Amino acid sequence: MACVSTTQRRTPDDWLQSPTEAFSLAGLKARLLYPTFHLGRVGWFIAAALTVAAGLLRFWNLSHPHELIFDETYYVKDAYSLWHFGYERAWEDDVDDTFLTGQAQPEPDAAYVVHPPAGKWLIGAGMALFGYDSAFGWRFTAALAGTLSVLLTFVLAAKLFRSLFLASCAGLLLTIEGHHLVMSRTALLDIFLMVFVLAAFCALIADRTWGRRRLAYELAARYRRLTAPRATDEDRTRWKTTITYGPWLGIRPWRIVAGILLGVAVSIKLSALAFVAVFGLLTVWWDATARRSAGIRRWLPGAIVTDGLWAFVSIVGVGAVTYIATWAGWLRSEGGYYRNWAADQATLLPDWLASLIHYHVQSTTFHTGLDSAHNYASAAWIWPFAGRPVSFYYRTENLDCGAEECSAAILDLPNPLIWWTGLVAMVIIFLRWLLIRDWRAGAILAVYVAGQLVWVLWPSRTMFFFYTVAYVPFLILAITYIAGLWLARTTPSGTGFTSRRLAVVGISLFVLAALVLSAYFLPIWTGEPIPQHQWRARMWFQSWI
């Protein structure tokens, strides 16, 4: 098992380094970077095994039930319209049964939809591959997104915690987590939001390392020119500016990747804007702290002035272009809802842009004012406790379970052990960040807050628990972080709580308990017919029914 680092803080042997030592490439790397952690063959084998296991759980019997469950009735038919006409069209009422036969067609009129198109394009991709009347087809890309997120989480955990053991725990916990599993097997939008947010975070982690390495090389090169025998006044002036504010680090490719991914995320659901804001602040703050560690005097203004604007362009600017590109079908159409709104309006903007802005103004008003009653709606403050999961599917008739009374259910219920432990872990992470400012704790907490707080701001809006799938990987990372804290306080020869063996066994037993609990709840995550008394036994609280 690899050595576990939890704080990732160094205490230099000598704080009073000479400038030559401090601004040498070796000295800068020692302050800014950590030894590269490679997965190696074993790590990639584990990653492949976890990905296969996640895929088996998500793709097994994916076409069951062969009907449009919960909000699939909207998104699947919208996906069909997008792939055939470039924009969403209206459908007759009660057309779902006919749609399942492949005979239904939308009406010629455009439909007013309030979510951007990217998630529905992704759903439609699976339908284009496997058939528009195939339940496997319309759920295929959701299952693929859920499977890929397990791989991303494993690699991310390995990079953050520098331990294959901890990364394996993180990957396995996400593989078996019920909330994530249900959303991976259902053609809703939120699973796509989750995977693009997670991928964007991974890109920014890569950018953090890239930027620190670039900073080390830039500072070392400029200091060498300053101290060279033939140093000029220009070199000395340039160094004075450099040591005051720091250098510009140039185009950041990983930030551009993050911008593209976040642009797609926003085009899946507009709630991704909360992640855009948090990720933008995180990446600039990481730049600022890197400059502080490097010895830059005005490190915060330097980060904002030299890299902040480019960070905005890379994330917000690139994201905006990507977002607009996902509307290509609507932009190229003549019949899209509000597509020609600007034709009769006095505006200085191009008609297509004015119409698109008007569409968004109307949909934003809808989102903030939505307050229709729903049996499974719940307030955001109870989501951390899994107080009201959403029933996507429930049947009691024409089932074969070997008993007189049977039930088949798909309930968006998280694994209780993982979910409630994750809540405790987030509290500990918050305290950890307050006390020692571990950047990893702050990053994990920030993503969780972005996914949760955005909904708390509109307490009267109709909301559902399944929105939380966007931050489930980070809940898993929080648990993994706490496991790492325990491991870091152990030694191979330790006794009691400091015993490395005890820590490994304890963490493994937690994962095993979560695995057993997932096996217990699996039937109500996949719609498997079971005796009704067994279904009732799994409803631990009345609010879960």
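From the backbone N, Cα and C atoms, a Cβ is placed for every residue, glycine too.
For the transmembrane segment (39-60), the residues of the chain that approach it from at least six positions outside its boundaries are 143, 146-148, 150-151, 154-155, 158, 164, 167-168, 171-172, 174-176, 181, 184-185, 526, judged by C-beta separation under 8 angstroms. Look at TrEMBL and you will find 39-60 (among others) tagged as transmembrane segment.
Averaged over the domain 'ArnT-like N-terminal' (49-205), the predicted model reaches a pLDDT of 96. The domain 'ArnT-like N-terminal' annotation in TrEMBL covers 49-205.
The feature transmembrane segment is assigned by TrEMBL to 136-157 (among others).
Summarising the annotation, TrEMBL assigns transmembrane segment to 164-182 (among others).
The feature transmembrane segment is assigned by TrEMBL to 188-206 (among others). Sequence-distant contacts of the transmembrane segment (188-206), counting only residues of its own chain at least 6 positions beyond either end whose CB sits under 8 Å from a CB of the stretch, comprise 70-72, 75, 115, 118-120, 122, 141-142, 145-146, 148-149, 152-153, 155-156, 159-160, 180, 254-255, 257-258, 261-262, 264-265, 268-269, 271-272, 275, 279, 282-283, 443, 447, 451, 466-467, 469-473.
Per TrEMBL, transmembrane segment is recorded for 270-288 (among others).
Residues 82, 85-87, 116-118, 121, 248, 251-252, 255-256, 258-260, 262-264, 266-267, 276, 279-280, 283-284, 287, 336, 339, 356 of the same chain sit 6 or more residues outside the transmembrane segment (309-330) yet have a Cβ under 8 Å from a Cβ within it. If you look up TrEMBL, you'll see 309-330 (among others) marked as transmembrane segment.
The domain 'Protein O-mannosyl-transferase C-terminal four TM' feature in TrEMBL is assigned to 354-544.
Residues annotated as transmembrane segment in TrEMBL: 417-435 (among others).
Under the heading transmembrane segment, TrEMBL lists 442-458 (among others).
Annotated transmembrane segment per TrEMBL: 464-488 (among others), in sequence order.
TrEMBL lists 500-522 (among others) with the feature transmembrane segment.
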* **Contacting positions for the transmembrane segment (464-488) when only residues 6+ beyond its ends and CB under 8 Å are counted** => 4-7, 149, 152-153, 156-157, 160-161, 163, 165-167, 169-170, 173-174, 177, 179-180, 182-183, 188, 190-191, 193-194, 197-198, 271-272, 275, 374, 376-378, 383, 386-390, 412, 414, 418-419, 421-423, 425-426, 428-429, 432, 440-441, 444-445, 447-448, 450-452, 455, 500, 503-504, 506-507, 510
